[in-house]
Amino acid sequence: MIEDTALVRARGLVKRFGDFEAVRGIDVEVRRGEAFGFLGPNGAGKSSTMRMIACVSPRSAGELRVLGEDPDRHGPRIRARLGVVPQQDNLDNELTVRQNLHVYGRYFGLPRARVRAKAEELLEFAQLTDRADDEVEPLSGGMKRRLTIARSLVNDPELLLLDEPTTGLDPQARHLLWDRLFRLKQSGVTLLVTTHYMDEAEQLCDRLVVMDGGRVVAEGSPAELIRSHATREVLELRFAPGGQDAAVPLARELADRVEVLPDRLLLYTGDGEAALAAVQRRGVQPVATLVRRSTLEDVFLHLTGRSLVD
Amino acid sequence: MTQDLLTRPAGEPAPPARTGLLLRVLPPGLYAGRARMLVERSLLVNRRMWLVVFTGFFEPLFFLLALGQGLGALVGGVTGPGGESLTYAEFVAPGLLAASAMNGAVYDATFNIFFKLRYAKLYDAVLATPLGPMDVAIGEVTWALLRGGLYSAGFLAIMLGMGLVGSAWALLALPAALLVAFAFAAVGMAATTWLRSWQDFEYVQLVLLPMFLFSTTFYPLSVYPGPLRVAVEAFPLYHAIELMRGLTTGAVHWGVLGHAAYFVVLAVLGVAVAARRLGRLLLR
């Protein structure tokens with residue numbers, strides 16, 4: 001038997017809500033064992049895509065196979081093998097931390113003894129053993145998030161769907177969460193993550209697609225995306241407000257691409273130090289300068305634009 | 001399918017075989033045959049149920065004392081459904097029994113379910129598992145009916161203690177009350193899916209209160225002039241009261257089965273509509 005290594009395969013996937021087209025025909029393939037990211041601004045269609053993959057939102061058109069099966073026909077069977085961490089925690093506030101895990105396991109039809117053992121293991125994993133018998137409501141945001149992730153693992157899912165897993169958490173909580181997700185990946189769970197945080201995408205994802213306006217605008221590993229959509233380095237020149245205009249012609253001369261921001265010029269170039277030296281030779285006096293490596297954020301802003309999307 | 005078996009972690013139970021009647025009739029996306037898991041959840045949440053049973057015990061007792069003994073002393077006798085003479089307490093008790101089954105079920109199926117649907121997002125979490133909207137509808141309605149059933153059992157015990165039960169048929173009043181509670185819970189849950197805010201609960205009151213007052217709970221149908229009788233006979237609670245009154249006074253005839261059938265239909269419709277609406281609201 002040929003093992004199909006694509007856990008998710010979408011071809012021309014479309015989601016419409018009335019007249020509004022949230023997802024406009026995307027092709028995606030997620031392979032077993034990888035961490036795959038959907039990157040994009042708010043309203044890019046990430047969550048709609050995730051809901052279709054989670055088999056809780058029927059597709060409007062196109063093809064979709066999750067774990068080799070059609071969500072329209074085998075939704076419950078697929079969901080039995082998925083873990084889902086929704087954008088907003090929907091923990092059961094009427095139950096304690098431990099009971100949340102118990103009851104969720106029972107929804108999957110797991111026997112009571114199995115659920116009890118699994119809950120202890122997951123409490124340990126989520127570092128919530130001390131709070132096991134507490135109510136859910138007073139837990140911190142990070143703890144709730146960890147519990148939601150623990151809950152999503154109760155059925156030993158092959159594919160874990162995480163919709164903006166660390167939005168709204170403080171840096172400590174985010175790092176702890178990333179650490180847990182790394183461990184899951186090491187143990188062979190395939191991760192599917194949506195995020196609008198570049199550092200998260202760089203930390204977690206082997207491969208990702210950048211979505212904008214319901215379409216996939218770029219695809220690759222973080223390093224590949226930086227290589228193909230940005231230069232190796234960026235020279236940032238900071239000016240007093242309005243002062244940067246005079247330097248724009250020179251900047252265009254020196255760099256592959258220039259972005260003019262209200263207080264700064266960004267010069268995309270292979271060699272930032274050389275560009276900086278050239279700027280200084282020509283007598284331009286910025287308030288501050290910075291040479292740095294290009295990041296995924298540069299790629300993201302280049303591809304999806306700087307204007308606010310709401 | 002073979003691959004499916006191979007990739008499932010060891011010890012994971014296979015999906016339930018689709019052998020039950022509902023499982024064969026309904027599409028798999030709608031019903032996984034695991035509605036009892038929601039009842040399990042409700043039991044866990046309501047472990048301090050004894051308090052509910054306790055208050056549920058006193059409410060009917062107060063009603064019976066005030067109306068049956070108090071008001072009953074002024075009213076005197078009433079002619080029962082079988083033409084026999086009843087004390088007012090004997091007459092009003094089955095009416096209150098039916099009303100308490102209705103109230104218990106409807107309150108649980110409207111207020112509690114509205115909260116879980118709109119605020120707690122409980123069903124969003126549930127539908128991410130193999131369970132479907134029909135599991136949610138059946139599970140939640142079953143819980144509402146268990147709760148309504150507990151009230152009814154307490155009420156019947158009090159009626160027995162006060163000597164207000166005139167027939168062994170009254171044994172069937174408990175399953176009848178469960179059926180009534182099931183139907184009201186199912187319709188209540190279906191209606192709840194259309195409610196948008198807490199203000200909308202005024203509509204629920206608007207339906208329940210007149211039904212409670214005018215469905216022959218406190219006086220016989222013969223009080224009404226002809227056309228109004230037809231209107232009253234259309235109230236679901238009227239059928240529940242007829243059913244209860246027939247059973248507790250022993251005036252049992254084939255028509256009782258008709259009243260029961262009315263609630264079976266109402267229950268099936270209610271669950272079907274509730275499941276469909278949940279699916280439409282949450283699986284978009």
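From the backbone N, Cα and C atoms, a Cβ is placed for every residue, glycine too.
Values in this document were obtained by computation on a predicted structure and should not be read as measured data.
Annotation comment: TrEMBL describes B:51-281 as domain 'ABC transmembrane type-2'.
For B:50-71 (among others), the entry in TrEMBL reads transmembrane segment.
Among the features that TrEMBL reports, transmembrane segment is placed at B:91-115 (among others). Non-local neighbours of the transmembrane segment (B:91-115) in the same chain are 56, 59-60, 63-64, 67-68, 72, 78, 80, 140-141, 143-145, 147-152, 155-156, 159, 162, 164, 173, 177-178, 180-182, 184-186, 188-189, 191-192, 195, 198, 201, 204, 208, 211-212, 215-218, 220, 236-237, 240-241, 243-245, 247-249; each lies 6+ residues outside the stretch with a CB under 8 Å from one of its CB atoms.
Beyond the transmembrane segment (B:136-162), the same-chain residues lying 6 or more positions past its ends with a Cβ under 8 Å from any Cβ of the stretch are 31, 35-39, 41-42, 49, 52-53, 56-57, 59-61, 64, 68, 89, 93, 96-97, 100-102, 104-105, 108-109, 112-113, 116, 123, 126-127, 170, 173-174, 177-178, 180-182, 184-186, 188-189, 248, 267, 270-271, 274-275, 278. Marked as transmembrane segment by TrEMBL: B:136-162 (among others).
Residues annotated as transmembrane segment in TrEMBL: B:168-191 (among others). Residues of the same chain lying 6 or more positions beyond the ends of the transmembrane segment (B:168-191) and with a Cβ under 8 Å from any Cβ of it are 94, 97-98, 101-102, 104-106, 108-110, 113, 137, 140-142, 144-145, 147-149, 152-153, 156, 159-160, 204, 236, 240, 243-244, 246-248, 250, 252, 260, 263-264, 266-271, 273-274, 277.
Remote same-chain residues near the transmembrane segment (B:203-221) are listed as 67, 78-79, 91-92, 95-96, 98-99, 102-103, 106, 110, 188, 191, 195, 229, 232-233, 235-238, 240-242 (criterion: CB distance under 8 Å, separation of at least six residues from the stretch ends). As annotated by TrEMBL, transmembrane segment applies to B:203-221 (among others).
According to TrEMBL, the feature transmembrane segment maps to B:252-275 (among others).
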Hey, which bits of the same chain come close to the transmembrane segment (B:252-275), Cβ under 8 Å, at least six residues off its ends?
30-31, 132-134, 136-138, 141, 167, 169, 176, 179-180, 182-190, 192-193, 236, 239-240, 242-243, 246
